[in-house]
Amino acid sequence: MIAIGLEGSANKLGVGIMLHPDNGNPPQVLANIRHTYVSPPGEGFLPKDTARHHRAWVVKLVKKALKEAHVSVQDVDCICFTKGPGMGAPLQSVAVAARMLSLLWGKELVGVNHCVGHIEMGRLITGSTNPVVLYVSGGNTQVIAYSSQRYRIFGETLDIAVGNCLDRFARTLHISNDPAPGYNIEQLAKKGKQLVDLPYTVKGMDCSFSGILAAVDGLATTYGLGGEGKDDETDTPIPDADGNGKPTRADLCFSLQETIFSMLVETTERAMAHVGSKEVLIVGGVGCNERLQEMMGIMARDRGGSVHATDERFCIDNGIMIAQAGLLAYSTGFRTPLKDSTCTQRFRTDDVFVKWRD
């Protein structure tokens, strides 16, 4: 079976083509193409602008993916698309494209939960069997484990997502959004040397990131580190009246990462203890962060476990993860009728019946 997957829940538009061989061989990635809407430094991406980007690029990416995969329309069994969660206008743009292809080509639709797509692609690439999943992105922060044909959420953010926290601080510092604000925060954090005290908010299995964002934004304003015209290469401590070094932009990025990642490690470890798992799978765009992987690895090794993560091809939003999860659902008989192919911005991970797993 072959599926085309369309992803566009945020600023990244992805088209992927996945093959599940009939002979039982492992699935094959035939094409995985992505195009990102990049907004100016200091700005986020508005839904209407992002949707316009997706509409302009989706047909080009589908054509390119088919060419790269060396498959024809006749070879495709189904069209998979992100049903949610995500931003309304971008989601709707991609859903309309999926409906158009379904009607033009006479192929069936499969609506896919974005979070489940991340999990299934992570499981496929890393070979992890039944891990505790840390799903961290710009719109979601969840600690997940599988049970009774559901991906159960054991903990999550109480307010904003961890990726949103990083992205919004990047706006405060006017850090470039190319290739991604979180990635540029990570690179700047590597130069940080001073750990600044920031709010640490873990409530049971849940985290809160709005308070730490407000605190670090306030420090950036207090020390005059926000706004345009800052040179990262000359980001050096400025002595205060007592001769102590005031934090630099790099110090604030470093401190923000260390604090929020410590919160994520704590809640993930608690979930591992609860379900008796020795594996952690990190998925979502923030999962590319090497420091997060390092900190999670230290915790897992102390417990005699292991950490699994993918590179940016599969961690960051992509179409191939939608094709993978869609094919798994399609193989169990799941279809999305045209009348039900609307989008759900708050489509919960645990709303999905995972029929393809025991």
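Residue 1 is the first one shown; counting continues down the chain.
Yeah, the Cβs are placed from backbone N, Cα and C, and that goes for glycine too.
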Of Asp317, Asp340, Asp350, Asp351, the one that Swiss-Prot places in the same divalent metal cation site as His114, His118, Tyr135 is Asp317
Substrate site partner of Tyr135, Val136, Ser137, Gly138, Gly139, Gly182, Glu186, Asn289 according to Swiss-Prot, chosen from Asp159, Asp167, Asp302, is Asp167
Neighbours of Asp317 (divalent metal cation binding site) among binding-site residues Ser137, Gly139, Gly182, Asn289 (C-alpha cutoff 10 angstroms), in sequence order, are Ser137
Here the Cα-Cα span from Gly139 (substrate binding site) to His114 (divalent metal cation binding site), rounded to a whole number of angstrom, reaches 11
